[in-house]
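Going by TrEMBL, these are the annotated features:
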BINDING   B:G164, B:F165, B:S166, B:V230  NADP(+) binding site
DOMAIN    B:8-119  domain 'Tetrahydrofolate dehydrogenase/cyclohydrolase catalytic'
DOMAIN    B:138-279  domain 'Tetrahydrofolate dehydrogenase/cyclohydrolase NAD(P)-binding'
Number of protein chains: 2
Amino acid sequence: MATSKIVKGTDITLSIKKDIQDRIVRFKNTRPKLVTIRIGESPSEVSYETSILKKLTPLGIECNPIVLDQKITQQKFDTIFDKVNNDSSVNGILLLKPVPKKISLEHVNKTINPIKDVDCIGLTNIAYIYQKEKGFLPCTVEAVQKIIRYLDINQKGIEIVIVGFSQVIGLPLTLLMIDNGSTVTVCHEYTKDLKKECKRADLLISATGVVNLIGKEYVKEGAIVIDVGVNNDTNQHITGDVNSKEVLPLVKYLTPVPGGVGAVTTYVLAEHVVTAFQKMSFQN
Amino acid sequence: MATSKIVKGTDITLSIKKDIQDRIVRFKNTRPKLVTIRIGESPSEVSYETSILKKLTPLGIECNPIVLDQKITQQKFDTIFDKVNNDSSVNGILLLKPVPKKISLEHVNKTINPIKDVDCIGLTNIAYIYQKEKGFLPCTVEAVQKIIRYLDINQKGIEIVIVGFSQVIGLPLTLLMIDNGSTVTVCHEYTKDLKKECKRADLLISATGVVNLIGKEYVKEGAIVIDVGVNNDTNQHITGDVNSKEVLPLVKYLTPVPGGVGAVTTYVLAEHVVTAFQKMSFQN
C-alpha cells in the first residue's frame, strides 16, 4: 500500500530484492549471469548499463558487459551474439537499445533463446505474450504491472488510457491491461482530442517521451497516473511525460520520474535473470 | 465505394477474385495448393471447409481437405501435420478450429512454415504482426481491413471501438487499427458501460459472438458498423452481433451477416495461398 500520493519505486523493490536473494542463495556454487551488449557510447545506454551493474551485482547476479564499437559489422555482431546465446553459463542477454541503424536485429530476434530473452525482444517471447503463454514480459511493462498490484488497483472494468504505442512498451502494456479486464483506450500522435480522452481515465499511463505532455487538463480528480516517460529536460535532468507540479494536487497516486517505474524496471530484469538461471539449472 | 448502406462482401470480392486469377494464370503448369485439416465433424467446421472448396477451386487453387477422427492421438496429429508442413507442393495450411481439447497446438504453432501459415496461427507470423513485419494477418482481420479501404474510411484520428478481444480476431485487429492511426478503445465482458463506450465510435467493430448485442443504443448517428460476429440464432440461421433492424436506420454503413465480413474472409484466404505459392515458386 502506498502511504503517500507519490509512488516511490524503492517501496516496491524492497521485497523484490529480498526475494531474489532468497532464490539465489539456494544455488550454492553457481550464480546467475547476465550479459549486456552495448554498441557505441550513447550516454543513456552507458547510464543504464552502469545502473544494472550497480543494482544487480550486490544481489549476487554476475553482470558481464560486452561493449562493441559503433562501426562493428553485421557479421561480427551476429557471431558475438551467437556465442553468448549458446554459452550455457549465460542466463540472460540484454541488448541496450537503440542499436546503430545499419545493424539489423533480425538474426537476434529469430534465434535468441527464449529462456535468456530477459527483456522480451525475440519472436518466441513476443508470440508468447500474444498467446498468453509463459515467457518474459518486457521489463518495463512488468514494472508497471507490479506498481498496479502494489497500489491494490482492481483492474476489472476500470477505464485505462494509454498514451503512446511503442512496440516495446505501449503495445505489450495494452495487451496486458486488456487481459486484466480493463477497458483500454490507446492514444497516440494522431489522437484528435488527447485531453478529453485522458480525462476519462481512472488509470492514465503515459509512455510517449514528450516532456510535460500530461498537464492538469489531462487528468480527472482522483485518477492514478503512471509515468513511463524517461526524457532529458532542458537542464539535462531526467524527467517524465507528466507535469507533476500541475498533476499531483489532482490525483490519487502518481509515479515520479526518476524513482518510479524505472527504479522497478531494473529489478524486474534481475528477477528475469534469476528465473532463467533456475530454468537452466533444472535442465542440466 | 458502397452504393448503399449495406456493405455486401461480394462487392469487395469481385476484384479480389480477378486479381487472384490473373496471378495464377502466369504459372502455367502448377497450381497453388491449400491443405485444410479438420478433426471431427463439427457442423460449422464442415461448413467452412465446404465453402472454401467451393470458392477457391474455381479460381484455380487446388484444395485438399484432410479429415481426422475426433479420437486421433497427439503424436499422429503432429506427424500428419509435419508431412504437410514439409511437403513442397503444399503452399497453404489451414487448421479448422476449434480442435478437440486434448489436442495441443504447441508443435504446430512452433513449427508451421510462416510462408504456409495462411491464417496466421504460428509464433513466427504472430510475432511478425507484433513487429509490423511482412507476414500474414489472420484472414478475418485482413477482411475487415479491405472493407475499411473499400469504404474509403480515413482512419487517422477517428474513434474506433472494438468489442470482443479474442486472440484470433480482436487482438490483431486492435493492433492493426492503432497502427493505422485511429484512437482505439477495446471493450469486452468486463466493460462497465458498453453502450456509452460504443456510442463514442465513428467506427464500431463487434466480434463477440453474442446475438443482437449491438442495438440502437450502442450506435451514434452516422457511425459505420462492421459486424464480425458469426452466430447461430434460435432458428439456426447465421447471424451476427448486430441487431440490424434497429441499427440500420442510424448508421452510415453496416456489414450484413451473412454476406459481409465472412464473404471477404474466404477470398483473403485464397489471396494468401496464392502469395505463398508465388514465394515458394521463386525459392525453387
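Cβ coordinates come from backbone N, Cα and C, glycine included.
Curation plays no part in TrEMBL annotations; they are all automatic predictions.
Those residues noted as binding NADP(+) (B:G164, B:F165, B:S166, B:V230) have their most widely separated CA atoms at a distance of 15 Å. The residues of the domain 'Tetrahydrofolate dehydrogenase/cyclohydrolase NAD(P)-binding' (B:138-279), classed with DSSP into helix (H, G, I), strand (E, B) and coil, number 54 helix, 26 strand, 62 coil.
Mapped onto DSSP classes, the domain 'Tetrahydrofolate dehydrogenase/cyclohydrolase catalytic' (B:8-119) shows 53 helix, 18 strand, 41 coil. Filtering of the binding-site residues B:G164, B:S166, B:V230 by Cβ separation from chain A (threshold: under 8 Å) yields no residue. In sequence order, B:G170, B:C187, B:H188, B:S206, B:A207, B:T208, B:G209, B:V228, B:D241 are the residues of the chain that are 6 or more apart from B:G164 (NADP(+) binding site) and have a CB within less than 8 Å of its CB.
Per-residue confidence over the domain 'Tetrahydrofolate dehydrogenase/cyclohydrolase NAD(P)-binding' (B:138-279) averages out at a pLDDT of 93. The number of other CB atoms found within 10 A of the CB of B:S166 (NADP(+) binding site), across every protein chain shown, is 16.
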